[in-house]
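Since the structure comes first, as structure tokens, the remarks are kept for the end.
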Amino acid sequence: MANIDIEGILKQQQPYDGRVPKTKIVCTLGPASRSVEMTEKLLRAGMNVARFNFSHGTHDYHQETLNNLKTAMHNTGILCAVMLDTKGPEIRTGFLKDGKPIQLKEGQEVTITTDYDIKGDPEMISMSYKKLPVHLKPGNTILCSDGTITLTVLSCDPDAGTVRCRCENTATLGERKNVNLPGVVVDLPTLTEKDKEDILGWGVPNKIDMIALSFVRKGSDLVNVRKVLGPHAKNIQLMSKVENQEGVLNFDEILRETDAFMVARGDLGMEIPVEKIFLAQKMMIYKCNLVGKPVVTATQMLESMIKSPRPTRAEATDVANAVLDGTDCVMLSGESAAGAYPELAVKIMARICIEAESSLDYGAIFKEMIRSTPLPMSPLESLASSAVRTANKAKAKLIVVLTRGGSTAKLVAKYRPAVPILSVVVPVLSTDSFDWTCSDETPARHSLIYRGLIPILGEGSAKATDAESTEVILEAALKSATERALCKPGDAVVALHRIGAASVIKICIVK
């Protein structure tokens with residue numbers, strides 16, 4: 001950490017000065033935020049990615065929300081990526097007699113049956129996982145209803161399809177509550193039939209940008225999902241959510257196969273000891289940073305803002321520490337989907353991110369990234385790291401990357417420059433003018449989960465030489481950057497682009 005002083009800490013909050021955090025913000029859209037008016041407010045407040053949670057809602061409901069988002073993007077001119085978060089495989093308790101909650105008392109014994117037709121009572125409850133008596137053994141723990149009920153396994157009878165347990169605490173159990181089996185390897189598919197229907201029936205037709213996959217347990221899960229996507233796989237990023245011990249154990253192979261990663265601390269926090277969650281978060285973020293894959297930190301980041309206009313001090317510190325750990329994105333769930341202050345939550349999250357980013361020692365981060373990158377570097381990685389080194393040495397205010405698919409700009413982002421990266425998605429040029437629109441926004445929207453990357457869409461052309469057309473695009477990019485207050489006349493800007501077969505890094509002075 002750097003740039004920390006007493007005066008800076010004590011300085012009163014300043015009015016909004018136009019600064020935008022490098023860290024991206026993912027917002028879950030729901031009843032509190034799905035209107036065109038509120039979605040516009042979230043976009044202006046700093047939302048970069050809209051999350052559609054398919055654990056809730058119908059296709060028609062989500063379609064209406066997406067249509068509202070598209071209208072809001074058109075009205076504001078702000079680009080936003082679309083994330084489909086799958087419900088994933090789950091184990092739930094069954095229905096209860098008369099639909100009434102039951103009281104479980106500490107020390108009492110209860111039988112669990114895999115016959116889901118049985119209506120539960122204090123002596124017997126059902127669970128939806130058929131192989132429960134096969135995979136559990138005496139001494140295992142079963143957590144129900146978000147961990148509020150702990151059951152210890154006493155015996156298993158696979159033939160009868162039952163498990164005998166002891167209740168470790170007094171609590172009330174309602175119908176269809178979630179179940180976690182810490183440390184138990186379960187035999188459930190990563191994609192359920194519902195997930196496939198959501199992805200192929202809603203996600204693919206709507207050209208979504210990314211899928212957040214719940215309960216990824218091994219690298220082959222991602223290979224199978226890409227097979228399901230078929231030809232659409234190349235346009236949809238896969239974001240893995242590791243939410244159990246098996247996934248943590250296989251983290252490295254999952255990281256090799258995934259496009260992005262989400263540290264989903266909710267279910268993970270019930271699978272591993274609560275005092276180890278911070279270690280898992282730091283390990284996952286660090287490993288994602290080393291390979292240049294974007295990582296989202298999620299769950300309960302500003303949870304109290306569902307009801308309160310101010311976060312708790314612990315929540316504010318949690319968001320800042322995720323930024324210091326190296327996260328690319330921070331995420332709001334209930335805060336933006338169903339909270340009383342969705343816009344304020346985004347604004348506060350953005351302010352916290354800006355403060356945390358200003359305290360980072362970017363020189364030390366760059367050295368660590370260089371030290372940890374295997375040699376020899378690929379030509380593209382060598383160029384990307386050199387562009388960041390040049391920007392650091394020249395005290396540049398901005399890095400501009402002209403790219404067709406976005407991969408060069410993403411590699412620049414891996415080296416965490418202290419300045420923003422303007423990623424200009426360059427089309428094939430064919431006319432005499434340059435216009436800031438693009439028929440295919442996919443590469444630009446994919447950039448919206450990388451820290452520090454600001455994508456700009458370009459469509460246009462020049463019948464001139466490659467070198468001349470590049471200069472036209474670069475000049476337009478610098479003009480756009482000036483309008484966005486990313487730089488001003490007299491500032492040094494590092495540009496990275498290709499001319500023919502050669503790659504060029506140069507320092508430009510903004511006119």
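Note: Cβ is positioned from N, Cα and C throughout, glycine not excepted.
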According to Swiss-Prot, ASN53, PHE54, SER55, HIS56, LYS177 bind ATP; which of ARG92, ARG217, ARG226, ARG256 is also listed for that site?
ARG92
Would you identify which residue of THR23, THR76, THR297, THR299 Swiss-Prot lists as part of the substrate site it also attributes to ARG51, GLY266, ASP267?
THR299
Report the largest Cα to Cα distance, in Å and rounded to a whole number, among the residues ARG51, GLY266, ASP267, THR299 that the record lists as binding substrate.
18
Alpha-carbon distance [ASN53 (K(+) binding site); ASP267 (substrate binding site)] in Å:
15
What's the CA to CA span in angstrom from ASN53 (K(+) binding site) over to THR299 (substrate binding site)?
13
Which of ASP85, GLU243, ASP267, all binding-site residues, has a Cβ with the fewest other Cβ atoms inside 10 Å:
ASP267
Taking only the Cα atoms, work out how far LYS241 (site 'Transition state stabilizer') lies from ARG51 (substrate binding site), in Å, as a whole number.
14
